[in-house]
Structure formats: structure tokens, C-alpha cells
Amino acid sequence: MPSSISWGLLLLAGLSCLATGCLIEDSEKSDAPKHDQENSASHKIAPNLAEFAFSLYRVLAHESNTTNIFFSPVSIATALGSLSLGTKADTHTQIMEGVGFNLTEISEAEIHQGFQHLLQNLNKSNSQLQLTTGNGLFIDHNMKLLDKFLEDIKNLYHSEAFSTDFTNTEEAKKQINTYVEKGTQGKIVDLVKDLDRDSGLALVNYIFFKGTLEKPFKADHTMEQDFHVDEATTVRVPMMNRLGMFDLHYCPTLSSMVLKMKYLGDITAIFIMPKVGRMEYVEETLTKEFLDKLLKKDYTGKNTVHFPKLSISGTIDLKPVLTRLGITKVFSHEADLSGITEDAPLRVSQALHKAVLTIDEKGTEAERHTVKGPMALTLAPEVKFNRPFLVTLYDRSTKSPLFVGRVVNPTLH
């Protein structure tokens with residue numbers, strides 16, 4: 001290596017596409033036997049991932065109360081988990097504790113087995129939805145990585161390793177961006193904007209989800225309506241609407257309307273719309289335990305729901321965020337990544353995460369079920385998601401929050 005200190009990049013990408021029409025041909029329930037969920041290894045780490053998700057969210061929310069937020073805690077935790085395999089001493093401890101693991105309560109073997117099982121479940125074949133995760137390790141072509149690290153990340157985190165010439169920064173960027181673009185089916189492009197020629201490795205993680213509502217909205221009923229960003233700002237957005245059975249209720253504890261919508265497969269989307277002026281309170285109140293309560297209870301009834309079509313995305317610089325969670329050593333000259341390579345000192349210089357959320361009514365099923373003409377008049381309660389709300393995409397099979405976010409302005413992409 002040309003320098004005494006080699007730099008590493010931790011790059012993450014996530015995509016969630018929630019289409020309210022049918023995106024796949026076979027919508028029948030899978031007959032494949034399921035694992036014993038109660039004894040699943042992934043369930044042992046699920047509470048930690050949920051707490052990590054809300055800890056991350058609160059750090060991001062404190063940075064600004066006027067911006068959209070969207071990220072994949074599973075993607076970020078998976079990348080940190082795989083990176084921890086090559087860390088030692090305080091660098092290692094900080095990552096474990098930063099993600100929320102107490103090593104006196106759960107062993108490292110159980111943690112990595114939990115991630116392994118989580119990834120196996122998320123990547124299993126399912127005709128009802130598209131859910132894919134990927135891990136790529138781009139290694140300087142002159143650097144020799146330890147065999148144990150390569151073996152562990154491959155077996156536990158399904159990582160692929162690629163030889164990369166970082167001195168040719170343009171070609172290296174192209175190689176990494178092509179990997180992410182392909183893995184997210186072209187939805188996330190140009191994740192890497194800048195790359196240092198002294199980089200030693202880039203750890204890239206992505207998650208791609210494309211789901212279909214069990215009960216889709218109808219495209220013909222979408223119309224322009226007001227969305228109240230704040231007391232002084234109103235924007236016009238295409239608002240989907242449907243009369244039907246919805247799991248919807250008002251939660252006094254959160255001062256919020258809570259809407260749960262199931263997607264084909266094992267995904268549930270939870271939307272929480274606080275009363276005006278109560279967003280910050282909800283952000284501080286929402287915990288893993290409260291999320292569990294919301295998921296367990298069913299409030300299905302006949303309602304008319306108006307929900308905005310939207311597509312939001314954003315790139316998060318994770319370095320200051322993770323630093324707030326106590327993960328500092330890995331970014332400093334004191335980093336101990338000697339479990340990755342012994343060729344030269346190594347540290348993570350950059351940690352980027354990009355996630356995209358799309359909610360619309362595209363799809364063949366929505367088109368097939370579209371009824372031309374105006375909606376019938378009804379006395380059913382009407383709820384409009386026309387002000388800022390929170391969103392969580394939850395995988396029921398692994399009990400893990402795949403995505404967490406806040407929609408303040410649906411028109412900001």
C-alpha cells in the first residue's frame with residue numbers, strides 16, 4: 001500500500017418499493033414448511049435490532065425536524081456485524097455495544113448466527129414479494145486479507161469479495177456502483193460519489209424490497225389533495241384512497257392514528273400519524289415494546305383511507321450518527337481492524353447509507369380490479385394521512401424492522 005494508513009469505506013444502500021397493486025403472478029400462500037419461529041436464531045437478535053433502529057432514528061430526528069428520514073436498520077446492522085468480524089479490542093466492543101448487544105447476555109456466536117439466519121430468511125425464495133440483501137467486499141488488489149475473515153463473512157454474511165484497484169478511482173467507483181445498481185434492480189445508482197485513491201477496502205451492503213398490498217388501492221381513485229407539511233406549508237400530492245376493511249385506530253398514548261397494512265408475504269407496514277405538534281413526543285415515546293403492542297392488536301374495521309403516493313430517498317452520512325451511538329474507534333487512527341488484514345493499519349474513513357421508499361398503486365392486480373366511475377357515498381369513518389407520519393416496515397418471520405422512516409413532505413424526493 002502507498003500509505004501507512006489505509007482507509008476503508010462502509011457503504012450501504014436500501015430500497016423499499018411498496019406497490020399497492022400486484023407485482024408478481026403467484027399470490028398464493030407458500031406451502032413450504034416454516035422454521036420454528038420461537039427458536040429461530042434471528043429472533044435472539046431481533047429485540048436488539050429494534051432498539052438499534054429507534055436509537056438511530058432518534059439521532060437522525062434530532063438533527064432536523066423538517067426533513068424526510070428513511071433508512072434500513074437491518075442493512076446498517078448487518079454491515080456492522082460483518083465488519084466486527086475483523087475488529088479487535090475497543091474497536092470491536094464499541095461496534096457490538098453500539099448495535100445494542102450486551103455480550104454478558106448473548107454470545108458473539110449467537111449474534112453472528114442470528115445475522116446468518118436473518119439473511120437466510122430474507123433471501124429465501126418467495127413468489128409473493130421481492131426481498132433481497134447483498135454484501136460485497138471490495139479489496140485493494142495489493143492487499144492480502146486474512147483467510148479466516150473472508151471465510152467468516154462468506155459463511156455468516158453471504159458476502160462476495162472483489163479485487164479492486166483503488167488508485168484508479170473512477171473505475172473503482174464504477175465497479176462498486178454497478179454492484180449496488182444491479183442488486184437494487186437499477187433503483188439506487190451512483191451511491192459512491194467520491195473515492196480516495198488510498199482506500200484499502202469498501203464494505204457494501206444493500207437491501208431491496210418490492211412488495212404488494214394484500215388489498216390494493218385503485219388507480220382510478222387517486223386524486224390531487226392537500227398535504228399539510230406544517231402550519232405554514234401545504235403541498236398538493238396525488239392521494240390514493242379506498243373504502244374497505246383497514247386495521248386502523250387512534251392510539252391515545254401516542255396521540256396518533258395508527259394504520260397497519262399487510263403485504264403479500266410476511267411484511268407489515270405500520271404508519272403512525274401524530275396530532276399536529278405531537279411528532280417529537282411520538283419520536284421519543286416509540287420503543288421496541290410499544291411496537292410489539294401495536295403489532296399484536298387488531299383493530300380492523302370499515303374505513304375510508306386516503307394515503308399519499310410518494311417516493312422519497314436520501315443518503316445518510318453514518319459517521320456522525322454512529323459516533324453519537326458510541327462507535328468512534330473504527331473511524332479513527334486508533335482503529336484495530338487487524339482481523340481483516342495485517343498488511344497495513346486500516347480504518348473506516350466513510351460510512352454512507354442510502355435508502356429509497358416508493359409507495360404507489362402500480363401493478364396488474366390494481367388495474368384488473370379497477371372500477372371505473374366515482375366512489376360510492378358511505379358513512380364509514382374517513383381518515384386522511386395528510387400530515388407528517390412515521391413508517392416502519394416489519395418482517396414478521398424474523399421479527400425485524402427492515403425499514404424505518406418519517407415522511408414530512410411527500411413531494412421531496
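Including glycine, each Cβ sits where the backbone N, Cα and C put it.
Per Swiss-Prot, the range carrying the annotation region 'RCL' out of 148-167, 228-247, 368-387, 388-407 is 368-387. Taking the C-alpha positions, the distance from N65 (N-linked glycosylation site) to N102 (N-linked glycosylation site) comes to 31 Å.
Cα separation, N123 (N-linked glycosylation site) to N102 (N-linked glycosylation site), rounded: 27 Å. The Cβ of N102 (N-linked glycosylation site) has 9 neighbouring Cβ atoms from other residues within 10 Å, across all protein chains displayed.
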